[in-house]
Amino acid sequence: MLRDKKGNKKKSLLDLSVAAGGIMAYIVYKRKKPRTIPLGDGWWGVGEKTLSEDQKIYPFQVETSDKEIEDLYERIDRTRYADPLEDGKFHYGFNSTYLKKVVSYWRHEFDWKKQVAVLNKYPHFKTKIEGLDVHFIHVRPPHRENQKVLPIMIVHGWPGSFYEFYKILPLLTQSHDGVVFEVICPSIPGYGFSEASHKQGFNSLAAARIFLKLMERLGFSQFYLQGGDWGSLITTNMAQMKPQCVKGLHLNMCMSNRGFKVLLSLLIGPYLPFLVGLSREDVRRLFPFFEKNVFEMLRESGYFHIQATKPDTAGCGVNDSPVGLAAWILEKFSSWADLKNRDLEDGGLERKFSLDDLLTNVMIYWTTGSITSSMRFYKENLGSNLNNRVDFKTEIFVPTGFAAFPNELMHCPKSWAQIRYRNIQSYTFMPRGGHFAAFEEPQLLADDLFNFVKKVEKS
């Protein structure tokens, strides 16, 4: 240590450099976020993990029987309905007057055997991963000269299924300016024909790891991803775990981080949106904020709290009653397509969907008895503070595209999405559509996906 003429200690340049370096190191340490999530491993099968696992891929077909259909009819015929309130419409949930009409169609006109044939239109497969039989469909495009075939995995959410994508599959597997997709569409374990976990803790990170192993097993070293609802979180986790494998991530739902930037935009956004990165369309979709994003969420999130706390209790009822199951699921296809549908006697259910399509989705849950295990996915993901999870602390650096549909439950502006997704290549305000994008507006979603991918491929 140097001293001046009075004998006082004098800091050298070296001392100052060390001090400055320490401060900078502390700042970097505090700000540094992990760039990837460790892949890890898991075992969700019965009992102890086996020494080896069958890695073969087996063809699978959806099947039914007269006995299965007779049991369904017997249960439907024994249904006990509650009388609706006068002028209640869909504000109290699924209106029982309209429910009787849906159930009458289900009982007397819906042809499950015919719909099973529709389901088997595409090739189905199963393979064992981490102790679970994982179901998926694998659709290859017709062979044509001079077309670029890109593999993509598309992932559903709740209360949907792989069937949500049956309208978009023909669009994705047709050449679009020389670009075409080879589509892998799995069922989340615990949904439909994918085996449910036998152990606690199966969350989106576990599903992401299993789907990455599936893509590796299929021979894909690089691929695209698309998802909404739980699918958006699972595909995001996949991009966080193996960014080197994910050429691009396309989402139609985004869960943004909360923080100072978001708070500032909520305070200033309604008056000076350009100062906080909001567009006029963002303002229109976001505000009044408490009405659209707090009070509406309270009105629509009752199911969420039940499934995130006591899924097995509610599951007892809806797994035993086909009509109860239909009401629990189909109410979401009404309000999540457009919250204004709550003002209609029929919930606007058939404005965007056919009863055949809706009941086919319900039947996938009914025949597999998977509603309870699908509901558990909420508890496994929300049993602890999401902000403490490693994936919510990890930014996403793969090329990302967003399709922001106007009737999605919560709007996420581009400036909010950029807090986590650091490489947004496209962000589109979609002209119409709600939560079930591929089911409601397959052409719009397909066009936006192709535009995003072509932009990534050129970069």
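Glycine too: its Cβ is placed from the backbone N, Cα and C atoms.
Database features, via TrEMBL:
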ACT_SITE  Asp229  active site, nucleophile
ACT_SITE  Tyr378  active site, proton donor
ACT_SITE  His435  active site, proton acceptor
DOMAIN    58-165  domain 'Epoxide hydrolase N-terminal'
TRANSMEM  12-29  transmembrane segment
Any same-chain residues 6+ apart from the residue listed as 'active site, proton acceptor' with CB under 8 Å of its CB? Would you list them in sequence order, or say none?
Gly228, Asp229, Met253, Lys332, Trp336, Ala337, Phe405, Asn407, Glu408, Leu409
With an 8 Å cut-off on Cβ-Cβ distance and a minimum sequence separation of at least 6, pull the same-chain contacts of Tyr378 (active site, proton donor), or say none.
Trp158, Phe304, Gln307, Ala308, Pro311
For Asp229 (active site, nucleophile), just count the other CB atoms lying within 10 A of its CB, please.
22
Helix, strand, coil: count each for the residues of the domain 'Epoxide hydrolase N-terminal' (58-165), based on DSSP.
37 helix, 25 strand, 46 coil
Whole-number mean of pLDDT values that fall within the domain 'Epoxide hydrolase N-terminal' (58-165):
97
